[in-house]
Amino acid sequence: MIASHLLAYFFTELNHDQVQKVDQYLYHMRLSDETLLEIAKRFRKEMEKGLGATTHPTASVKMLPTFVRSTPDGTEHGEFLALDLGGTNFRVLWVRVTDNGLQKVEMENQIYAIPEDIMRGSGTQLFDHIAECLANFMDKLQIKDKKLPLGFTFSFPCIQTKLDESFLVSWTKGFKSSGVEGKDVVTLIRKAIQRRGDFDIDIVAVVNDTVGTMMTCGYDDQNCEIGLIVGTGSNACYMEEMRHIDMVEGDEGRMCINMEWGAFGDDGALDDIRTEFDQEIDMGSLNPGKQLFEKMISGLYMGELVRLILVKMAKEELLFGGKLSPELLATGHFETKDVSDIEGEKDGIRKAREVLVRLGLDPTQEDCVATHRVCQIVSTRSASLCAATLAAVLRRIKENKGEERLRSTIGVDGSVYKKHPHFAKRLHKTLRRLVPDCDIRFLRSEDGSGKGAAMVTAVAYRLADQHRARQKTLEPLKLSREQLLEVKRRMKVEMERGLSKETHAIAPVKMLPTYVCATPDGTEKGDFLALDLGGTNFRVLLVRVRNGKRRGVEMHNKIYSIPQEVMHGTGDELFDHIVQCIADFLEYMGMKGVSLPLGFTFSFPCQQNSLDESILLKWTKGFKASGCEGEDVVTLLKEAIHRREEFDLDVVAVVNDTVGTMMTCGYEDPHCEVGLIVGTGSNACYMEEMRNVELVEGEEGRMCVNMEWGAFGDNGCLDDFRTEFDAAVDELSLNAGKQRFEKMISGMYLGEIVRNILIDFTKRGLLFRGRISERLKTRGIFETKFLSQIESDCLALLQVRAILHHLGLESTCGDSIIVKEVCTVVARRAAQLCGAGMAAVVDKIRENRGLDTLKVTVGVDGTLYKLHPHFAKIMHETVKDLAPKCDVSFLESEDGSGKGAALITAVACRIREAGQR
């Protein structure tokens, strides 16, 4: 008993010594994590070189665009054919993908041989042979009468220019067909099929096997965005952001990049990592100096590396007693399969002995232990190198997405990964150590290359179908020049109806007289108070207007809130609160008890009877103070001032914010005779000839008309321009049937239009993989600021995804492009409609004055106009196009409503004083 224990101990020690000896000998092949991270860093640099336009020609890692722009989302369906050509045999496959809630793939396939004489004959012979095999397969399945889409896996070095165009760079793997190199292989197949004339197919995509692997796995796991092959050769692909791919135009979306990573190190980047054995393998290969990384990791070379190490150790008398056999000296006699077998057996030492005996050697126990260890070191290095380059790819994807923790799946194929007993496990373990902030899943591809080509085709079909469906839906929102001219014409008609005494009562565009009869002329001076009430906060302002050399406006203001109970209380309580705030402000400014002229911006629907008399028609914006509707707001304010008995104010003017905007800009630019607001709501005003303002007596001079143009279309005159989405937004609004024009152009509603379109797309499976989240059903989540952010040019899709994520919408890159497109279409229409309305206004002013050309300035305010990246530009272009005889400038108003009220007061005081003289 003791003897057997001693013997076992002796062998264990012996094995241990032998292992240490090999470890020391192959010290350079055992890579630390530090070294692997350094390799990952170098690989990152090589990736960037391959992607850059200027560095691509000299880059060793080519990073080739594949024109595959999306991975499967599980909704693909249909029948497809696939051809898989990558060696002496090729396969034809029929693939049916069904999506009825249960993703299912059915396949039929047949393998055809390519005879030696055809491989080395002409290209015409080769492609005729392929077409013949395809015809035979379709005959067998009785599908020759169908024109099916086909995906083609072509695993040779190619330059791809489109999804269905791929030029062969050079034959490999023993092929020598003449007249094919430099040609597009898709054209060659198409011609061969046409020569036969007995069937037709639609060749949609050419892919290589790595992309096929990613796509096959992507159908089962939508997180799959990397494809990896470690077999006879090695390569990888991954989904890159379009903005980083200099060789392909366009910045939006993603595209799969075929890395061709086998060539990593061809420029010397791995010289300090490569060993003498790697150099020897390379020198004896068919392509010296090329594919150096592949030669360190792939199955074609793994057994050969082990053989070279054993030969050198034997020559140095470290193995086999210094003896060599002819078999051991013959290239290719130690196979990668032997490496797998030796490492796979529980008793690997015994397997090592079998292999060594087969090679004509007489190994000792130590020799077998050493051989086992050499196999381990070579295959472990291979897995570690793969992990290092994958770590670089994952880091890049993680940075592209800006995620703190990345969840990603790698689709894998290849004999080394699948058949070596420990390779996969070592690869997974090392990779997780190198990228601890990534959760990685590995998915083995079953039948990657053939099924993958069908999947690429299925995805291309799905994308094309979905694109067509989306364009059809968005078509009614895209307005032609003729349609915009018609909107302009109708706006003009509605303006006339609002101005006319006869039709005013029934006109939706009310064209209300404001009793503001002049814009500033620059001689205004004095101190004025202004009140600005249009929401839950209101402002009190002191505005000092100076003329002469010191001409300008100086402002002081303070914001006060209106508590909910005051908004919903009595009118007296509301106006007492306002007067209390004025008193506080005057004290704050050190002007207690001073009497000043006051201008009042009151942004609620009113009927104005004179400059200082304005009857509130109805409260909006959540106000409900009783006893105010039907009353003159100036009287209510004056009564509250008298009740306080602390100061007296001369209320000179009541205006709305649009008029305020025009007056503020009019102080800077005497040509300013139009005011426009495009923010939460939208409205416009302009200087109309008194003779046309039939509601007010007098023919001389001009008066500013508050158009209330948001109600344009309330009589149905815009129904042929309104879409189902406009109708849906209107129905669910607080004032259904009212303010229809405003609902097509203003910030409060654009987000809702977008949300309704997105819901429609999602219901039809065109977006968010057909899943409607609770958030998407929530009204009002798409604020205007998000529309502005999403359309911002400097924002990458990554940030669009972040905005959608913030809104609780999980989106793919493709989804983000679609959301951006919808936002663009909706905002563009809004800007064009606004421009058409404005063109009607400026043309009316020109015609009123009988001018051939008019130079006029529009004062503008509002968040949509100011913050949206494209709204203003599109609106300006539209006005220019639809009113070519008007030279229109746009001036952004700074603080229109408060300052404007003070300026109207200043103008009124100037005119009053002139009248008194």
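Even glycines carry a Cβ here, placed using N, Cα and C.
Small disclaimer: the values here were computed from a predicted structure and weren't measured.
Feature annotations, courtesy of Swiss-Prot:
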- 1-16: region 'Mitochondrial-binding peptide (MBP)' (REGION)
- Met1: N-acetylmethionine (MOD_RES)
- Arg30, Asp84, Leu85, Gly86, Gly87, Thr88, Asn89, Lys425, Arg426: ATP 1 binding site (BINDING)
- Asp84, Leu85, Gly86, Gly87, Thr88, Asp209, Thr232, Asp413, Gly414, Ser415, Ser449: D-glucose 6-phosphate 1 binding site (BINDING)
- Ser155, Phe156, Thr172, Lys173, Asn208, Asp209, Asn235, Glu260, Gln291, Leu292, Phe293, Glu294: D-glucose 1 binding site (BINDING)
- 464-906: domain 'Hexokinase 2' (DOMAIN)
- 521-655: region 'Hexokinase small subdomain 2' (REGION)
- 532-537, Thr680, 747-748, 784-788, 863-867: ATP 2 binding site (BINDING)
- Asp532, Leu533, Gly534, Gly535, Thr536, Asp657, Thr680, Asp861, Gly862, Thr863, Ser897: D-glucose 6-phosphate 2 binding site (BINDING)
- Ser603, Phe604, Thr620, Lys621, Asn656, Asp657, Ser682, Asn683, Glu708, Gln739, Arg740, Phe741, Glu742: D-glucose 2 binding site (BINDING)
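The CA atom of Asp532 (ATP 2 binding site) is located 19 Å away from the CA atom of Glu708 (D-glucose 2 binding site). Leu85 (ATP 1 binding site) sits 74 Å from Asn656 (D-glucose 2 binding site), taking the C-alpha atoms as the reference points. The DSSP breakdown of the region 'Hexokinase small subdomain 2' (521-655) into helical (H, G, I), extended (E, B) and coil residues amounts to 37 helix, 52 strand, 46 coil. Cβ crowding, taken as the number of other Cβ atoms within 10 Å, peaks at Ser682 among the binding-site residues Thr536, Thr680, Ser682, Thr784. Mean pLDDT for the domain 'Hexokinase 2' (464-906) in the predicted structure: 90. Cα spacing between Asn656 (D-glucose 2 binding site) and Ser897 (D-glucose 6-phosphate 2 binding site): 7 Å, rounded to the nearest whole number.
Its Cβ taken as reference, Thr232 (D-glucose 6-phosphate 1 binding site) is surrounded by 16 other Cβ atoms within 10 Å in the chains shown. The DSSP secondary structure for Arg30 (ATP 1 binding site) is coil.
The shortest Cα-Cα distance from Gly414 (D-glucose 6-phosphate 1 binding site) to any of the binding-site residues (Asn89, Thr536, Glu708) is found for Asn89. For the pair Glu742 (D-glucose 2 binding site) and Asp84 (D-glucose 6-phosphate 1 binding site), the Cα-Cα distance reads 58 Å. When the binding-site residues Gly87, Thr172, Thr232 are screened for a C-alpha within 10 angstroms of the C-alpha of Gly534 (D-glucose 6-phosphate 2 binding site), no residue qualifies. Other Cβ atoms within 10 Å of the Cβ of Ser155 (D-glucose 1 binding site) number 20 in total over all chains.
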